[in-house]
Amino acid sequence: MRTRVLRCRPFSTRILLLLLFVLAFGVYCYFYNASPQNYNKPRISYPASMEHFKSSLTHTVKSRDEPTPDQCPALKESEADIDTVAIYPTFDFQPSWLRTKEFWDKSFEDRYERIHNDTTRPRLKVIVVPHSHNDPGWLKTFEQYFEWKTKNIINNIVNKLHQYPNMTFIWTEISFLNAWWERSHPVKQKALKKLIKEGRLEITTGGWVMPDEACTHIYALIDQFIEGHHWVKTNLGVIPKTGWSIDPFGHGATVPYLLDQSGLEGTIIQRIHYAWKQWLAERQIEEFYWLASWATTKPSMIVHNQPFDIYSIKSTCGPHPSICLSFDFRKIPGEYSEYTAKHEDITEHNLHSKAKTLIEEYDRIGSLTPHNVVLVPLGDDFRYEYSVEFDAQYVNYMKMFNYINAHKEIFNADVQFGTPLDYFNAMKERHQNIPSLKGDFFVYSDIFSEGKPAYWSGYYTTRPYQKILARQFEHQLRSAEILFTLVSNYIRQMGRQGEFGASEKKLEKSYEQLIYARRNLGLFQHHDAITGTSKSSVMQDYGTKLFTSLYHCIRLQEAALTTIMLPDQSLHSQSIIQSEVEWETYGKPPKKLQVSFIDKKKVILFNPLAETRTEVVTVRSNTSNIRVYDTHKRKHVLYQIMPSITIQDNGKSIVSDTTFDIMFVATIPPLTSISYKLQEHTNTSHHCVIFCNNCEQYQKSNVFQIKKMMPGDIQLENAVLKLLVNRNTGFLRQVYRKDIRKRTVVDVQFGAYQSAQRHSGAYLFMPHYDSPEKNVLHPYTNQNNMQDDNIIIVSGPISTEITTMYLPFLVHTIRIYNVPDPVLSRAILLETDVDFEAPPKNRETELFMRLQTDIQNGDIPEFYTDQNGFQYQKRVKVNKLGIEANYYPITTMACLQDEETRLTLLTNHAQGAAAYEPGRLEVMLDRRTLYDDFRGIGEGVVDNKPTTFQNWILIESMPGVTRAKRDTSEPGFKFVNERRFGPGQKESPYQVPSQTADYLSRMFNYPVNVYLVDTSEVGEIEVKPYQSFLQSFPPGIHLVTLRTITDDVLELFPSNESYMVLHRPGYSCAVGEKPVAKSPKFSSKTRFNGLNIQNITAVSLTGLKSLRPLTGLSDIHLNAMEVKTYKIRF
C-alpha cells in the first residue's frame, strides 16, 4: 500500500506544485518500481505539512563529521589457545560410551595407571568442599524453601563448624543469607562472621543469586552482583575472592568478564556439553583464562571446569558414579534413595578398603590435570538441613582423611576439607602454564538421564511473558535509580538553603522500596527464574514480586519528577505527575490512561539515556481535535491522530469515535525531561486513513476516512524503504532500499515444531522429527486462504502500518515511520500478539517466527548473536546435530550477513534463535508442552499468557557497497543492486553491530518514560518546560546505571554516594549508514547540572575495591567494549 504526502499551498502555487509532484511521481514509479508487473497498484494521498513532505521524500541527512579511529576503533578478534567455535563442530556427538553415560574408558584408565606410577609427579592433593546448593525458588517459592530448608542449613553450618574445627563450608546465594541474617540472633551472626574470618566458611561469588548466563541482561547481572557484594562487605566485612557457578545450564563469557572486573581470583563452572567434558579431560585441561572475544587485556581470573556431569556427590568423587554413591553418608530416617541403598558407615573393618577406593577415584581426577590438585564438592541440592547429616559426613570422611594422611607411604596423598580459595592457591603453586579460551559453552547438553543427548535450548524461550516483564522492570528500575540519585542529591544540596525539606523526606522514605526492587530483580536472575524453569506456582510468585516492585519504581519516578518539574512546592505531596501506563495486575497487559482537555492536557517525557534521541511517542486521548506543543522549544511538533480499533468475536472491526492514539515525534537531550502541551485544534490533515474490507458496513466514522483495499499485493513505503507485503498472509515479503536501489527478500513466516513428548519441556527443546512443521495459522485462516477481511492498514503523516489477524491466536503488525530521522526511517517494527488459549489447545507447540532471506550466509549457515546485551558471538551450524542443538540464546539481537548485506533482528527480551538453513533466521516466540522433560520440575509448561512480542528489523549494507547496480532479474525492478567497490578497507575481524543497530537497541530496551500531569484536584498549575540533568556527556558512552549507595549505618536509608557504571559499546562504522562521530571522551564541561561532586574514585565493577582517585569526570577513560564503575560523592 503506497503512502504519499501532499499539501496544497495557497491558490497561487497549488496547481504548480501539484503538477510537479505528479510529474516526479511518474518518473519515480517508472525507474524505481518495486512491485510485480501487471497488477493494479493502489495509490493513497492525504494531506500533511510541506516541511514533512520535503524531509520524508528526500530525507537528506545533515552532513556529519567522519569518526576518528578513537571514536570508532576497529576491534579485532582475540587470539586464544582454545576457540570453542572452531573446535565444537569437530566433536563426535555419538561416541560409543553414551550408553554407559561415562566418558571414562580404557584410554583414560591406561593414562591414569601411567601417571599413578610416575614417581616424578607431584603428590596428590585433594580439597573436599562441603556445600549445599540452595535454589532461591524452584519447586517451592523462595520463602517456602527458606522456612523449610535453608534457615536450618545455615544454622547447622554455624553450629557444626564450631563443633568440628577441621570442617569447612561455602555459601553462594546472598538472598538466602540476608533472609537468615535478618532473623538470626546477634550471637549467631558473630559466630558466622568468625567462621568467615577464619577462612572455614567462604562466601563464593557473592551475587544476590547464582544467575543464569543465557537469558540474563548485563544491567541485571551487574545490579545483582553489586547488591550481593555490598551486602557481604557491609555485614560480613569481606570481599568475595572466588566464584561458584555450578548449576546454570551452560556458561557464557559475560559472567567471567564481570567477575574478573569485580576482582575475583578464580571461579568454578560445572554444566557444559558432555563432548566438551571429554575433550577437556583428554587434554588434561581443567583450568583456563576465559578471554573476551575481542582483543583486550588478559584477565587475571582463572576458570576451573569440574570434569564430570553434575555437582552431586554421585558425580564428584571420581569418574564412576556407582562408586561415588557409596561415599554419600547421608542417612535420614524415612528417606530412601540410590545413595541410601549403598550406605555403609566407615568402621575399623572397612576403613582401609574404603580409603583405598576413595583415593583411587580422587587419583583418577588428578590424572585429568597436569598439577595433581583436585577439588571435590561434597553436597547436593538443599543438603545439610539435618544436623545428623553434618555428623555423618564429617565423621566418616575424617576417618578416611586421617587414615590416608597418616599413611603417605601407601597413598601418597594429602586430603582435607577446604574451600575453593584453598584449591586455587594450591593449584597456582604447582601450575602456571594455563591455556586461554574464547567463545562459550552453549548449547548445554547432558546424557545422564537416558544415555541419549538432550539439549537444553528450550529454556531460552520458556515463559516469554515473564522474560518480557523482567526486561520492562529493568528499564523502570534503572529510570528510578537515575532519577532518585539525581533528584535526591539535588534537593539535598539545595536543602542547605532551606528548600525541598518535605520532598527530601518523601524520597528518602521511598528508598526502602528501591532496595526491595533491586533485590526482586536480582532474585529473578536466578537460574530457575528468568529461565522459566520453576513450577508454575513459583513462576507466579516471581512474577508477582516483579510486578509489585515495578509499581513502586514507577511511583518513585513520579515523586522525583514532581519535585523537579513543579515549581510550587506545596504540590509535591500530591500525585500530580502520573505514568501514562497503568499496570493493573500481574498477568494482564498494561493500559494507557487517556489525556483530556479537562484535567490531563500536559505530558512530560523523560529520556533515561545519556544520549540525545528521537522517538515516536504515543498517548491516548478522548478527542481527535488536538495538536502537540513543545513548551521548551515553543513550537508545535509533528503528530498524527490514529484510531483505536476493536476486534469483535466475529472478526468485524469497530473504529472508535471516542478513543484515539496521538502519535508525535520528540527529540530529547540526554537525561532530560521535557513537557508537552496538548492543545485543542481541528486539522483533519493529521488524521490517518484506514483501509479495511471488514469494518462494519453501517459504521461511518466521523473522524477517519475508511476505504476499501485495492487489488494486488500491498506496499508500505516511506522516503527510505519500500516494503512488499504478501496479501495472502499479511506478512512481509521483501524490502527495497531506495538509497542504494537494492531489494532484499525478507519473507516472514510463522510456524511451529511439534514437541517430542516427554523429551521437550521447560528446559529441553526436542522437536518430533517424524512430524512435519505445524501450520499453526491454518485453523485461524479464512476458508478461501485470503486475508483481505482480516487486514487493516492505517496510514498517516508519521507512520504506516498493516495489521493482519488470525484470531484469537495471532495478530501481527508491520510498521514503518516516515519521520526525518536516519534511524527510525530505516527500521521496520514488527509487533506480534500471541494467545495460545487455554490448554489443551495448541499442545506440544513450539511457536517460531522465521525470516527467510536471500542473504548468502554460507552453505553451512553462520549467524551472530549477542550475549547478555554486552558482547557478540559467531554461531556456525553443526550439520551433525538437529535444530534443537543449533538454537542459541539472544537477549538483544541476532544477525545474518554476507558480503553485501546484513540483516539484524532486534529483540527486547531473551529468546532462542537459529539459522538452520542458508538465508534463514528464526526466533522462538512461545512454547507449550503438556509433559515434563524429566529435569526436575515434574510438570509441563501450560501456563502461557497472552503476550506481545516486539522486534525491529534493520537491513544494512556491508563494507564496500557504495551505490546501486542494475539488476533486471526481477520483473518490475529497474536499476537495482548496482554497486561499486571503493578502495580496499580492512574490516574489523570482531563482528559487532552497526552504530545504528547499537543505538536502536538501547532505544528499544530503554524507551522514553511518559507521564501525564493530572490537574483534576489542583486546577491549572505551572510545569517547568525543561529540566536537563546532564551536560556534555560523551555520546559514545552508555550510562548503565547511576545507583545510590545505601548508608553504612542506617540500613534502609540512602547516602550521598553513588556508583556510576559506564559501558562503551563496540559498534561498526563500516556497516550501514555513514556513522555519526560519537566521542567517547569526557571533558572539563561534562557535569551533572545543579550538582556538586565532592570526589570521584575509580573502583572495581561492584565497588568493593578502590583503584585510583580522579580529579573529575574529565579523567574517565574507557576502551571499546569496557565496563567500568566510578564512585561519586555528591
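Heads up, residue numbers simply count up from 1 along the chain you see.
Note: Cβ is positioned from N, Cα and C throughout, glycine not excepted.
As recorded in Swiss-Prot:
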type: TOPO_DOM; residues: 1-14; note: topological domain 'Cytoplasmic'
type: TRANSMEM; residues: 15-35; note: transmembrane segment
type: TOPO_DOM; residues: 36-1130; note: topological domain 'Lumenal'
type: CARBOHYD; residues: Asn117; note: N-linked glycosylation site
type: BINDING; residues: His133, Asp135, Asp247, His527; note: Zn(2+) binding site
type: CARBOHYD; residues: Asn166; note: N-linked glycosylation site
type: ACT_SITE; residues: Asp247; note: active site, nucleophile
type: CARBOHYD; residues: Asn622; note: N-linked glycosylation site
type: CARBOHYD; residues: Asn683; note: N-linked glycosylation site
type: CARBOHYD; residues: Asn1056; note: N-linked glycosylation site
type: CARBOHYD; residues: Asn1095; note: N-linked glycosylation site
For Asp247 (Zn(2+) binding site) and Asn622 (N-linked glycosylation site), what Cα-Cα distance in Å is obtained after rounding to a whole number?
52
Around the Zn(2+) site recorded as His133, Asp135, Asp247, His527, what other same-chain residues have a C-beta within 8 angstroms of the site's C-beta center?
Asn134, Trp138, Met210, Ile246, Pro248, Asp381, His526, Asp528
Using a Cβ-Cβ cut-off under 8 angstroms and a sequence gap of six or more, which residues of the chain neighbour Asn622 (N-linked glycosylation site)?
Gln594, Val595, Ser596, Thr658, Thr659, Phe660
Whole-number answer please: how many Å between the C-alpha atoms of His527 (Zn(2+) binding site) and Asn1095 (N-linked glycosylation site)?
38
Name the secondary structure element type, per DSSP in three states, that contains Asn622 (N-linked glycosylation site).
coil
Which one is closest to Asp135 (Zn(2+) binding site) in space, judged by CA to CA distance, out of the glycosylation sites Asn117, Asn166, Asn1056, Asn1095?
Asn166
Among the glycosylation sites Asn117, Asn683, Asn1056, Asn1095, which residue has the fewest other Cβ atoms within 10 Å of its own Cβ?
Asn117
What is the number of other Cβ atoms found within 10 Å of the Cβ of Asp135 (Zn(2+) binding site)?
25
Cα-Cα separation of Asn683 (N-linked glycosylation site) and Asn1056 (N-linked glycosylation site), in Å?
50
Of all the binding-site residues given, His133, His527, which residue's CB has the most CB neighbours within 10 A?
His527
Just counting, how many other CB atoms are there within 10 A of the CB of Asn166 (N-linked glycosylation site)?
14
Three-class DSSP secondary structure - His527 (Zn(2+) binding site):
coil
Quick one: Cα separation, His133 (Zn(2+) binding site) versus Asn166 (N-linked glycosylation site), in Å?
21
In Å, rounded, how far does the Cα of Asn1095 (N-linked glycosylation site) sit from the Cα of Asn1056 (N-linked glycosylation site)?
11
